[in-house]
Amino acid sequence: MADDRHGIDDIDGETLDAVAEALRTAETAVALTGAGVSTASGIPSFRGDDGIWERHDPADFHRRRLDADPAGFWADRLSLREAIYGDIDPEPNAAHEALAALEADGHLDAVLTQNIDGLHDAAGTDRVVELHGTHRRVVCDDCGHRRDAEVVFEQAAESSDLPPRCDCGGVYRPDVVLFGEPMPDVAMNEAQRLARDSDVFLAVGSSLSVQPASLLPKIAAEGDSTLVVVNYEETPRDASAAHVLRADVTQVLPAIVERL
């Protein structure tokens, strides 16, 4: 797909005004966010050129691998965590903060996110539907007990006894959707309902190429929602969007907030 990168100065002010007006008058507005929202926080994209999956084999993080070789799965997961975060401590950027501001001002009802970084929560957004889970927790595969991931990962990194285990004896795993696993029904059902009921649907920083999340803007558009796509690259949903803003999300979203 073409990569037509523009700055905020290349976006027609009338388009920004139109998006702001749509949000101002909407009864229900929803945002779907992808990796492009978090790259400005220093988190690399998983897909695309030089993405994480270009350097790490996704098969190493498949559900089958966890079942067959939990120690190897965890060793590779520690390596993946280092590749993603290294020495950085990611913080919310202007895009996360703008979405939180839209919600606080009553112009956004929920954020549906494909990201697992927890930065929408950190920015102060109250209603976040984490479609792929979150790396900030681990969950016991047997009893479902959840713990803070940072503590467990630090203990695992300092131990030769992998995988980390719950008090019940079950194996802890990242509280994310692994390859080979379906998206949680509760999260997906809520996301579909919000998309269907929305008057405005913002698709922000997502290639809209990964199902089933990529179906959400389609559901919204079919329900007569005003679809707005904010992404550097073309997406499969551009043709059905009322507005396509091909510019930096950390510039576009604050510019919309300023107009409200």
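Every residue, even glycine, has its Cβ placed from backbone N, Cα and C.
Lifted from Swiss-Prot, the feature list:
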type	residues	note
DOMAIN	9-260	domain 'Deacetylase sirtuin-type'
BINDING	Ala35, Thr39, Phe46, Arg47, Gln114, Ile116, Asp117, His132, Ser206, Ser207, Asn231, Asp248, Val249	NAD(+) binding site
BINDING	Phe46, Ile116, Asp117	nicotinamide binding site
ACT_SITE	His132	active site, proton acceptor
BINDING	Cys140, Cys143, Cys166, Cys168	Zn(2+) binding site
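Mapped onto this structure are the features recorded in Swiss-Prot.
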residue : record                       : DSSP (3 states)
Ala35   : NAD(+) binding site          : helix
Ile116  : nicotinamide binding site    : coil
His132  : active site, proton acceptor : coil
Cys140  : Zn(2+) binding site          : strand
Cys166  : Zn(2+) binding site          : coil
Ser206  : NAD(+) binding site          : coil
Asn231  : NAD(+) binding site          : coil
Val249  : NAD(+) binding site          : helix
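Cys140 (Zn(2+) binding site) and Gln114 (NAD(+) binding site) are 22 Å apart (CA-CA, integer value). Same-chain residues with CB within 8 A of the center of the Cys140, Cys143, Cys166, Cys168 CB atoms, the Zn(2+) site residues themselves not counted, are Asp141, Asp142, Gly144, His145, Arg165, Asp167, Gly169, Gly170, Tyr172. The two recorded residues, Val249 (NAD(+) binding site) and Cys143 (Zn(2+) binding site), show a Cα separation of 40 Å. If you take the C-beta of Ser206 (NAD(+) binding site) and look for same-chain residues 6 or more apart in sequence within under 8 angstroms, you find Leu32, Thr33, Gly34, Ala35, Gly36, Gln114, Ala213, Ser214, Asn231, Thr235.
Taking the mean position of the Cβ atoms of Phe46, Ile116, Asp117 as the nicotinamide site, the remaining residues of that chain whose Cβ falls within 8 Å of it are Ala35, Ser38, Ile43, Ile84, Gln114, Asn115, His132, His135, Val176. Over all protein chains present, the Cβ of Ala35 (NAD(+) binding site) has 23 other Cβ atoms lying within 10 Å. Note: the Cα of Cys168 (Zn(2+) binding site) and the Cα of His132 (active site, proton acceptor) are spaced 25 Å from each other. Averaged across the domain 'Deacetylase sirtuin-type' (9-260), pLDDT for the predicted model comes to 93. Residues Ala35, Thr39, Phe46, Arg47, Gln114, Ile116, Asp117, His132, Ser206, Ser207, Asn231, Asp248, Val249 are recorded as binding NAD(+); their most distant pair of Cα atoms lies 24 Å apart.
With respect to Cβ neighbours within 10 Å, the binding-site residues Ile116, Cys168 differ, and Cys168 shows the lowest count.
Within 10 Å of the C-beta of the residue listed as 'active site, proton acceptor' we count 19 further C-beta atoms, all protein chains included. Candidate recorded positions: His132, Cys140, Cys143, Cys166. Nearest to Asp117 (NAD(+) binding site) by Cα distance: His132.
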